[in-house]
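Novice: After the structure tokens below, expect a handful of questions from me.
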Amino acid sequence: MAASELYTKFARVWIPDPEEVWKSAELLKDYKPGDKVLLLHLEEGKDLEYRLDPKTKELPHLRNPDILVGENDLTALSYLHEPAVLHNLRVRFIDSKLIYTYCGIVLVAINPYEQLPIYGEDIINAYSGQNMGDMDPHIFAVAEEAYKQMARDERNQSIIVSGESGAGKTVSAKYAMRYFATVSGSASEANVEEKVLASNPIMESIGNAKTTRNDNSSRFGKYIEIGFDKRYRIIGANMRTYLLEKSRVVFQAEEERNYHIFYQLCASAKLPEFKMLRLGNADDFNYTQQGGSPVIEGVDDAKEMAHTRQACTLLGISESHQMGIFRILAGILHLGNVGFTSRDADSCTIPPKHEPLCIFCDLMGVDYEEMCHWLCHRKLATATETYIKPISKLQATNARDALAKHIYAKLFNWIVDNVNQALHSAVKQHSFIGVLDIYGFETFEINSFEQFCINYANEKLQQQFNMHVFKLEQEEYMKEQIPWTLIDFYDNQPCINLIESKLGILDLLDEECKMPKGTDDTWAQKLYNTHLNKCTLFEKPRLSNKAFIIQHFADKVEYQCEGFLEKNKDTVFEEQIKVLKSSKFKMLPELFQDDEKAISPTSATSSGRTPLTRIPAKPTKGRPGQMAKEHKKTVGHQFRNSLHLLMETLNATTPHYVRCIKPNDFKFPFTFDEKRAVQQLRACGVLETIRISAAGFPSRWTYQEFFSRYRVLMKQKDVLSDRKQTCKNVLEKLILDKDKYQFGKTKIFFRAGQVAYLEKLRADKLRAACIRIQKTIRGWLLRKKYLRMRKAAITVQRYVRGYQARCYAKFLRRTKAATIIQKYWRMFVVCRRYKIRRAATIVLQSYLRGFLARNRYRKILREHKAVIIQKRVRGWLARTHYKRSMHAIIYLQCCFRRMMAKRELKKLKIEARSVERYKKLHIGMENKIMQLQRKVDEQNKDYKCLVEKLTNLEGIYNSETEKLRSDLERLQLSEEEAKVATGRVLSLQEEIAKLRKDLEQTRSEKKCIEERADQYKQETEQLVSNLKEENTLLKQEKEALNHRIVEQAKEMTETMEKKLVEETKQLELDLNDERLRYQNLLNEFSRLEERYDDLKEEMTLMVHVPKPGHKRTDSTHSSNESEYTFSSEIAEMEDIPSRTEEPSEKKVPLDMSLFLKLQKRVTELEQEKQVMQDELDRKEEQVLRSKAKEEERPQIRGAELEYESLKRQELESENKKLKNELNELRKALSEKSAPEVTAPGAPAYRVLMEQLTSVSEELDVRKEEVLILRSQLVSQKEAIHPKDDKNTMTDSTILLEDVQKMKDKGEIAQAYIGLKETNRLLESQLQSQKRSHENEAEALRGEIQSLKEENNRQQQLLAQNLQLPPEARIEASLQHEITRLTNENLDLMEQLEKQDKTVRKLKKQLKVFAKKIGELEVGQMENISPGQIIDEPIRPVNIPRKEKDFQGMLEYKKEDEQKLVKNLILELKPRGVAVNLIPGLPAYILFMCVRHADYLNDDQKVRSLLTSTINSIKKVLKKRGDDFETVSFWLSNTCRFLHCLKQYSGEEGFMKHNTSRQNEHCLTNFDLAEYRQVLSDLAIQIYQQLVRVLENILQPMIVSGMLEHETIQGVSGVKPTGLRKRTSSIADEGTYTLDSILRQLNSFHSVMCQHGMDPELIKQVVKQMFYIVGAITLNNLLLRKDMCSWSKGMQIRYNVSQLEEWLRDKNLMNSGAKETLEPLIQAAQLLQVKKKTDDDAEAICSMCNALTTAQIVKVLNLYTPVNEFEERVSVSFIRTIQMRLRDRKDSPQLLMDAKHIFPVTFPFNPSSLALETIQIPASLGLGFISRV
């Protein structure tokens, strides 16, 4: 594709700008060939018409896609040109805060003017062993590449650090040296790496100064060669210096300083040792006050002086030499204050006794008069005579300054020589890495001789750099078999020839210096005549005849000729030098020794460090030729020679380039000045590298990377199995011009811009796919949104309608309530009115009805009587009429019926004669009968109903009749009463009148009372209401107070709980910290111990030549053994200092470092020895005092023995009494419990009886043991007492003689003391037994009483239960029985535990006492003569005793111990044991051997076995410590051995889970708690070694498997890469994947499980493994910009989920391993979350609580879009994050500590395996041990 085709609408370009150098713009329309103007839209919003150059018609540079901006390597940019480089550097420096960038083989370092946390030891460890392209650019990456190439190619390396003043050259070189010192270490203990680093403060103090551009500017060039041995460890160093700026000693410009050392001296002038220098403030000296800026902000010169002196001491410069240096420097300062007085124009003088000169002469040890004379005069020599000439004041001042400069230069050389001498190594140097810290290209307003030399050196270095870059490009093309076309690059050989060739500028300068009257003007004319118009690179300024211009590779520079000759000559008067050489101060003449040394490329004393002194005086007769030759060497000549030597050295090495850039001239942190940056980029050769790369094929892709990146541009049919062919086919379709790319063997090479074109095609394809995905997703989202909105609307409607309905219902309820209230109120009103009216009506009615009733009664009475008369008459008439009518009717009926019957009879008779008639008659009769029957039934029913009705009517009639009769009688009575009452009415009316009067009176009284009552009621109600209000207020206050109290209590509870939780957490953290600190100390102790043993062996080998067959002493002797064993080990430790002193005397220089390293350890051992010696002396004094006391009291021994025997007899009698009481108690219990055998408490009684029986048996055993002891004591007593009373004196004499004989050994005293102690112990034991038996009897009595009470209570409950229903009775009885049995079981268990504990304790104590008494008896029997033994009768006591069956022990002979250790530990193969035998078998075997030694009570055997075991395990781990299986095996067995010692220790806390059989196997004689601590420490050391082993195995896999391998294929795309080799994200053969890590984890887990490691310990190992994985992955993520992308975050989260799945499969989720991955998980989430708004910032701050602020900001700065549609993180967003996190208190450290080891614990894990069941396989070769 043609380049012009890329200039389409919206394409972005770079156009020149006078302010910003380059400005970005966007095309507004497509460019067409022939267009003269481009329509552009600038970023600030303006439109611009950009006119093309009509001659060149060059289009503006295209801008790279945003995806390529911020790349680690500038050569990875598709468009390689100046604006792209500048923009990429600015984005990395300003936006991402990254100061390092690759540009091909060059590392560009921009000075941030701020301390960055990227140089710690953790960063060094992260870069160590990494490929240069795998990590982000860094000075450590360049150093690692140099170190790796030195080891791989066995070729010397050079790191060339260049840049202008203030760019950071010195710091970069310092960090490179620190990297070598940290990574390689030193070959000896002489701390060479520390000395190499210590040379920096010295050289900075004497060679660095403050300038306007830099506070610590190096004013000299230096090349440091760091030497390495064959194992590539530092053995020494060598330094060469170039062109020291001597003029700074006597002159400083404004705002500048002299060298730092002068100000450090002045700041330390008040120190006692500096009083003699008579220094003061820096402003008091002419040489330090000229710049007017004596103080550097943030720098303490006094502290820097202390650092300088400390560095001098470390480098071996003695205190006397240091004071000599300071004297010379102080003398230079005082020399600068020497003033001159003019006598005339040609002479001057110094005032007499001039104080500065006097101080100078005193410090230098020279004669005042002589120095004063030669400062004002000079000697001139001619061919015939010599004469002295005075000089002017100006000449004298110049001569004084020249002398000061010369002295300083000589002192500088002397210090460099001494530093080199201190860094020199006697060991042969195998290879070296050189670090060149040299000035960069300089151009100022006024450029002089110094700038000329500096730019000359840079021309040479640039030529070497161009050739190297060209060579690398050529090698790359040839390796890939790409057709090689000659690349045109800038060759600066003509400029070099102009300077150094014959008749060049330097040659003419030296020639002019030789001329007697040569001046700068004549030299300038020679230059014009020789080179002007002849060399295109040489020009003459238009307005000057004393300057010239050279066209350097970087820029044109105008040099002023003034001062060139003087600086090139470097003249100093010889007479002044002679005065100094005659100094009494010994160090001063050493500086001026004229010893010329041969110069070689590796010489440490090159004359090129500083210009040599030229003394234009008459040569001496002794060496005329040599002095003449010396005078010919000018500064330029020396510099050229040293530069040639330097180039020879560099050409013989592989160079690595570091170009330091100064971003601004104001030292503002992270401020980028484009103009200054471009100027330096052009000067340092970075742009030249870009130009060479761009001239060929700058973009290079492997076939796999190209396929992975541009797979989206291929169709399915284009994808073949051969990736190479696939890429070829696709490229032929995509790029038609075949010259734009080339196919190599492993890579595809592209011309500049082609990758951008491919990226454009890829972005368009992805954009179309994204649009389609967005369209679908957005439709789906909108549909989901609509459904959610519809559902929400329906929900809202439902709730609104419900609310409205509830409101309407409420309204209806209120309306109905109001209606009801109205109804009832109206009803009440009407009812009240109605009642009033009704009452009145009733009164009226009563009178009216009474009157009407009386009238009606009279009427009714008359009518009733009339009716009776009518009834009687009408009844008689009716009966008469009825009778007549009835008689007539009946007569007529009879007649008619008779007639009719006759007729019917006649018919029937006729019909009866015919059959058919009968038949018809019969048929009809049936129906008629049925009808008749039915009719009869109906009539019966009707009859019954009528009868019932009649009956009812009769009843009603009768009741009515009765009622009327009663009413009649009542009315009659009332009538009579009314008549009577009528008479009484009058009397009643009178009474009523009276009553009315009374009523009126009562009413008035009632009204008054009611008024009073109402008033009282109102007052009472008011009072009650007031009281109620007060009560309500009080209740509210009470409730508020209660609420406050509850809240306060709740808050206090919560506060206390929080405090408790926090304190608990803090205590846990403190405990973990203490545990970690202790384990780190153990680790350091073991390391120092191993180092100590190794050094001891080396010293032994150096002192003693090993003889044939000599066996080396074991070097793994543990210091723990010396702490926990006895005198034999102490003696060995005492011998250590004496052994280590011997070789030190013979070889002092070699062993001084050893003693410096081990001084602390030796001191500790001596202190320990002294403490032990004091303890031993104290013990001996105690023994001697006890002996003296025994000698004074030999007579009382018999009385004491008698007293002891009486005491024993009393105790025995008391014991018998107790036994009798117990028997009586047993009988009483059996008698009382006999009647209640069937009671519920019967099992408890049986248990008690069994316990009493066992106690009595135990008492019998105790009695037997007491009898044995008594017999032994009696025998001893009889042996000591005289046989006969008659021979008392003689026997006592004999006894005294025997005592006198044995007194020297102290045997009798010890025997008597032991016997007395034993008696006292037995007495106290028996008394305690008596008390315990009394307590037991009292407890039994109390238990009997409680059982009686329990029995009574049960009877009462039984009686109560009998009254309950059957079901309730059963349930109550069961509940009661369960409660009772539970209580009994608990009580019995407590009693049983107490009894068992007491029995074990007594058994152990009695065995110890028996053994001690036996030893005492044997000792006393040895002391008694044979005659006494034969003559004196001993009463034998034979007491039968059961022999116990001891099982689970292994017996071996003492001499077989080494064989046991050898077969069981040293030569044991873990694989066979783990596969075929039970886990932890060696531990069980060792413990069983320890048990047998304990059973024998052989402390020496126990100690020896345990010590040998510990040392052997250490030896195995030292030999095979890098084998995971071996370390895991012995960690498991050490822990099992430790658990066995705990489980069978007899301590109650460790015996909870033991069986009764296991409790019998407990240790009986020794407490091995101290050895348990030793084994615990050993287990910690093994665990730490295990962690180191698995870390070494996992570390190469982690980065490749967790970060680089593409687990989810196709998610992450590969970005374009530069010239640096990158680790592809596509897995090739031999690379590690996540499956590799999981397989390794499975291997670790299966090995640990096979070895029977404790589950808790496995969890801790897994947690540590996961921490290592997470820490290393996160550290690499923080140091790799190419890994910080959205897709990589998804890959990491997927990988972490696979690790979590592995944890779930292994049931290790509760191990805490998942939590160690939390920082990595949060970092992956941080890569994926949205990073735009303030809400996103808040979410990130709350989410990333496991990451530090530095890590969060680093990830955000490194975040890089892989695809064009991703966006970068804005600077404002990162600042928002920083503002939100500023209050968070976390570590400022960027990387996690991958070497951190969590403190390990060994939870007690008892074994259920019975020792007696363990069988020893024959394969172990332990046939010499036997089971017991």
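Using the three backbone atoms N, Cα and C, a Cβ is placed for every residue, glycine included.
A TrEMBL annotation is a machine prediction, not a hand-curated record.
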Novice: According to TrEMBL, which stretch among 643-665, 1356-1378, 1402-1424 corresponds to the feature region 'Actin-binding'?
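Specialist: That would be 643-665, per the region 'Actin-binding' entry in TrEMBL.
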Novice: Looking at 598-630, 994-1026, 1027-1059, 1159-1191, which one is region 'Disordered' according to TrEMBL?
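Specialist: So the range that TrEMBL calls region 'Disordered' is 598-630.
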Novice: Would you mind listing, in sequence order, the residues at least six apart from GLU164 (ATP binding site) in the same chain with a Cβ closer than 8 Å to its Cβ?
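Specialist: Residues satisfying the criterion: ARG213, TYR439, GLY440, PHE441, GLU442, CYS660, LYS662, GLN680, ALA683.
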Novice: Other than GLY163, GLU164, SER165, GLY166, ALA167, GLY168, LYS169, THR170, which residues of the chain come within 8 Å of the ATP site, judged by Cβ distance to the Cβ centroid of those residues?
Specialist: ASN111, ASN214, SER217, SER218, GLY440, CYS660, LYS662
Novice: Counting other Cβ atoms within 10 Å of each residue's Cβ, which of the binding-site residues GLY166, GLY168 comes out lowest?
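Specialist: Sparsest of the binding-site residues GLY166, GLY168 by Cβ contacts within 10 Å: GLY166.
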Novice: Do any residues at least six apart in sequence from GLY163 (ATP binding site), in the same chain, have a Cβ closer than 8 Å to its Cβ, and if so which, in order?
Specialist: ALA109, LYS169, GLY440, ARG659, CYS660, ILE661, LYS662, GLN680, CYS684
Novice: Taking the Cβ of ALA167 (ATP binding site) as the centre, count every other Cβ atom within 10 Å, in any protein chain shown.
Specialist: 26
Novice: For the binding-site residues listed here (SER165, LYS169, THR170), tell me which residue's CB has the most neighbouring CB atoms inside 10 Å.
Specialist: LYS169
Novice: Which numbers of helix, strand and coil residues does DSSP report for the domain 'Myosin N-terminal SH3-like' (8-60)?
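Specialist: Final tally across the stretch: 0 helix, 24 strand, 29 coil.
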